[in-house]
Ligand code: COA
């Protein structure tokens, strides 16, 4: 049995933010029915194509364990089918541009009329206010949510991060909103609207930077490297390079091979509790008791010197040797793993976080499995559906179309090319 077994999701999502959310729901056991425009489908199917004629990795890696129905939600028969889907499903998830659902004739009011128990969950770029009508992609959200302003080095421009905190991050927020609303429905019997704006999701993930903004109003941020370097603070939380961001100073340091390997680095945290062990490892035992070095506060204006000395040591070791030496001593370090190393990591494969999946069009590919592990609801990662692969199955099994009625619907052009459907 899976945690969300029996829960039906009308998945009206596309690109990344919404699909991340519905993929999680599918992995937790929900029946996720992805509604796609006939002949076209989710635009990502044909974006960043690596195998000609096959669905792209962009699509396949975000749409596992779902079923696909082709449906033109703008023609009359399409609207009829969509209405039946809304009647049948527990959750509708969408991330269209603002107003798109209303333009289709399915406002929240209309959706509630059709099914008062349904939960309607949306990702939008911005919440209510002056930007609510904007179309938004990942990097726009990172910029508007405080991430870009606080990422990068002090003397460089704002930077966006590789982690898709605007898209996948908001998908996670939305997913939590959905299961919470589902839990409330158990008691109230009513559905509700769940909104996760991307800007808000990024702001939530930048919470500590907004903490620092307010600390800045009462004095300099002493744990930031720029404090030790004597550089004055401006009126907003600055970019802090690879500073750890918490109370324990940390930096990214070069390791053996850094001259040729762009990922031969380690993160190294000089946690106060293990200061003495760090001194021993880098062969500076006198720093344990030396004036100006013995306490964390005293060390703040010497971080460049201290990390410089630690780096002299890390440069004599590979990033994995640093890990092997520091881990038993409880010194927090972490190798900078490349995407190649992550994909090849046996430990991640053993836990199902990295998995291989077979696909009829593109063959075997590697993907990221479910990052959340439920002991009573294991996840089997199944390939993403082909466009319209389950159209007839859904019309018959989920919506109960049969005989002439099924013929009528198929012949209407609302569910894709009749030839394609007939071939099923
Ligand atoms: N049948 C008929 N029409 C369909 C359809 C279907 N099955 N599925 C989608 N459409 C229509 C929509 O109704 C819309 O029509 P309209 O403009 O006449 O109302 C049209 O397709 C395009 O949808 P839209 O969402 O505007 O797509 P886009 O490619 O122009 O914009 C985004 C893409 C991501 C910018 C936009 O959807 C958006 O801002 N979404 C919210 C924020 C978000 O999730 N961003 C991150 C994406 S990872």
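We count from 1, first residue shown onward.
The backbone N, Cα and C atoms fix where each Cβ goes, glycine too.
TrEMBL labels come from automatic prediction, so no person has curated them.
Taken straight from TrEMBL:
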- 16, 17, 37, 95, 96, 97, 103, 135, 136, 137, 138: CoA binding site (BINDING)
- 167: active site, nucleophile (ACT_SITE)
- 246, 247, 248: substrate binding site (BINDING)
Cα-to-Cα gap, residue 247 (substrate binding site) vs residue 103 (CoA binding site), nearest whole Å: 50
The one of 138, 167 whose CB sees the fewest other CB atoms within 10 Å, among these recorded positions: 138
Contacting recorded positions for ligand 1, chosen from 16, 96, 103, 136, 167, 248 when the Cβ sits under 6 angstroms of any of its atoms: 16, 96, 103, 136, 167
Helix, strand or coil at residue 138 (CoA binding site) [DSSP, three-state]: helix
Packing count at residue 248 (substrate binding site) (other Cβ atoms within 10 Å of its Cβ): 15
Distance [Cα-Cα, Å, rounded] between residue 96 (CoA binding site) and residue 248 (substrate binding site): 42
Euclidean distance between Cα atoms of residue 167 (active site, nucleophile) and residue 103 (CoA binding site), Å: 24
Lowest local Cβ density among 37, 103, which the record lists as binding-site residues, within 10 Å: 103
Cα-Cα distance linking residue 248 (substrate binding site) and residue 167 (active site, nucleophile), given in Å to the nearest integer: 30
Set of same-chain residues at least 6 away whose C-beta sits under 8 angstroms from residue 16 (CoA binding site): 44, 62, 138, 164, 167, 168, 171
Neighbouring C-beta atoms (10 Å sphere around the C-beta of residue 136 (CoA binding site)): 23
Residue 246 (substrate binding site) and residue 37 (CoA binding site), distance between Cα atoms, whole Å: 47
Chain-internal residues, separated by at least six, CB under 8 A from residue 246 (substrate binding site): 208, 223
Cα separation, residue 248 (substrate binding site) to residue 136 (CoA binding site) (Å, whole number): 36
